[in-house]
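Let me begin by presenting the structure, written as structure tokens, before commenting on it.
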Amino acid sequence: MVFRKLPGVSASGMGLRLSQKFVFLLFLSGLVTLCFGALFFLPDSVRLKRIFLSKTESQPVTVGSENDAKTDKKNAGGETLEEVMPSRSKTESASKDEKVTSSSNQGANTDTSFDYNKFKKCLLKPPLGIEHGKPSDPQTLQRREKVKEMMKFAWDNYKSFAWGKNELRPLTRNGHIGNMFGGLRGASIVDSLDTLYIMGLMDEYNDAKEWVETSLDLNSNGEASLFEVNIRYVGGLLSAYYLTGDEMFKRKVMVLGEKLLPAFNTPTGIPRGVINLGSGTSWSWGWASAGSSILAEFGTLHLEFVHLSELSNNGIYTEKVMNIRKLLNKIEKPHGLYPNFLSPVSGNWVQHHVSIGGLGDSFYEYLIKSYLMSDKTDEEAKKMYYSALEAIEANLVQKSPGGLTYMAEWRGGILDHKMGHLACFSGGMVVIGADDGAPEKRQHYLDLAAEITHTCHESYSRSATKLGPEAFRFDGGAEATATRLSDRYYILRPEVIESYMYMWRLTHDPKYREWGWEAVEALEQHCRVEAGFSGIRDVYAQTVSHDNMQQSFFLSETLKYLYLLFSDDDLLPLEDWVFNTEAHPLPVVRKSFSLQKQVK
């Protein structure tokens with residue numbers, strides 16, 4: 001290399017200076033290399049790498065499809081059976097799961113100061129009643145025993161053919177993993193814990209408990225639905241702890257709860273819908289409009305997260321869900337309605353599509369239940385719920401020419417006269433809130449709840465199988481009937497039976513028990529197969545075709561609500577318990593046992 005000589009500088013002087021610069025640059029280069037190399041080999045390297053390789057700020061990655069997500073709520077079935085990955089040994093899995101990682105950005109921790117015995121004393125009634133809710137009427141008792149037999153049959157076949165998998169495929173007699181739980185297994189086990197316990201199926205409950213203790217591996221590294229993991233796993237473990245007092249359930253749920261916190265690391269604090277439970281990376285569903293978050297997903301965390309704060313004595317969980325509420329109260333609602341899609345980056349609505357069914361449903365449910373679970377002290381939740389209900393009545397509630405009351409969907413001001421099976425929970429929602437609105441509206445709410453529940457019963461009674469379709473319409477001369485082939489299936493959903501249970505509890509009108517028994521007979525005739533229960537593809541067909549899926553929510557919700565329908569009211573009394581959207585009972589938080597600090 002030849003250097004051009006500079007004016008006034010000798011060749012030897014210039015060479016010396018260049019040598020010094022070369023040494024300095026060499027030293028600086030080595031230092032930078034050393035520092036950046038160290039960053040990527042630190043124990044917490046996953047989060048450090050996300051500084052440079054951020055998935056959350058990139059174009060949303062497609063995960064599944066809109067039909068896979070359970071906001072089209074609880075449709076975790078799908079048709080693709082994933083490969084089962086080799087699992088850790090039971091000992092390794094259990095020991096690793098018991099440790100709450102201290103490296104969390106939020107610093108959540110498990111505090112063992114929660115006094116379970118003190119909590120039990122604050123319940124107004126025994127959780128299982130005086131005689132486990134045993135009804136005095138012989139016919140009702142016989143019907144309840146039939147539901148219990150159905151649960152045992154479904155469980156025994158799951159244990160025989162799909163143990164440790166997420167769900168049973170009863171026709172092919174094997175297990176299903178699915179792509180909703182991020183590598184977590186045993187969804188049917190965790191979902192069934194409280195059902196088995198309240199039914200007194202103690203051998204089955206103990207098998208489930210042992211599996212959770214030894215084989216539920218929370219150190220998964222897959223892509224999970226924040227919503228699904230929260231309502232099924234977090235809800236199921238919380239419920240099991242509160243019903244039994246077994247500290248193992250508490251330790252497990254606190255580990256899992258902390259793994260969900262990184263989903264809230266967005267500019268607005270609105271969590272994204274998908275999270276990698278291992279790395280903490282989160283992103284939006286690929287099918288969600290413009291990378292948005294879904295109302296029924298980020299709006300269905302409040303009950304569980306309040307209890308995570310109760311058990312850990314750490315307010316971080318409550319802060320996260322209260323921040324969601326704060327943003328929702330700040331932004332403008334079209335006609336007082338809450339659209340289904342919200343940007344977690346800008347905090348603005350993405351589309352003006354409003355539904356009380358899929359994509360919206362459990363957000364409204366959690367508003368009234370947050371108020372009830374707070375021992376009726378959460379005035380903000382109360383105000384939000386009744387304001388939303390007023391807007392729903394003004395814009396969505398319709399009456400068909402045949403006199404059926406239904407909840408239409410709203411698309412930018414245009415009504416779509418369709419009601420989904422998922423929206424049939426709303427009869428129960430309206431009735432549990434009837435006593436706490438304006439006194440002059442109490443009877444109106446009771447009537448509205450009864451009318452909606454009647455419409456949903458009509459959607460069952462008008463089919464050949466006496467089971468309801470996924471969605472039914474009120475246009476073109478149709479009333480409470482599916483007019484599209486794609487809406488004719490039934491996947492063991494619970495929402496109609498859920499409303500029967502609440503309507504029975506709060507009115508004691510015997511027709512709701514009769515309607516529930518009609519559902520039992522239809523399930524037995526059309527959904528029971530040799531190795532479990534299966535959904536069907538067309539409720540209007542005389543000869544049914546099964547979908548080969550026993551959904552975990554059939555065990556958690558459908559059969560539990562039927563059992564409660566045929567039980568006395570002192571089994572899980574509503575004065576003490578609020579059911580999450582997966583039917584996992586969570587206790588009312590009373591000041592006398594609350595450890596949590598008030599979050600403003």
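Glycine is no exception: its Cβ is also placed from the backbone N, Cα and C atoms.
Automatic, uncurated: that is what TrEMBL annotation is.
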Can you look up which of Cys456, Cys527 is joined to Cys424 by a disulfide in TrEMBL? Cys456
Separation of alpha carbons, Thr581 (Ca(2+) binding site) and Glu495 (active site) (Å): 10
Within 10 Å of the Cβ of Glu495 (active site), how many other Cβ atoms can you find? Include all protein chains, please. 26
Alpha-carbon spacing, Thr581 (Ca(2+) binding site) to Asp361 (active site), which is rounded to whole Å: 10
For a quick check of packing: other C-beta atoms within 10 Å of the C-beta of Thr581 (Ca(2+) binding site), how many? 28
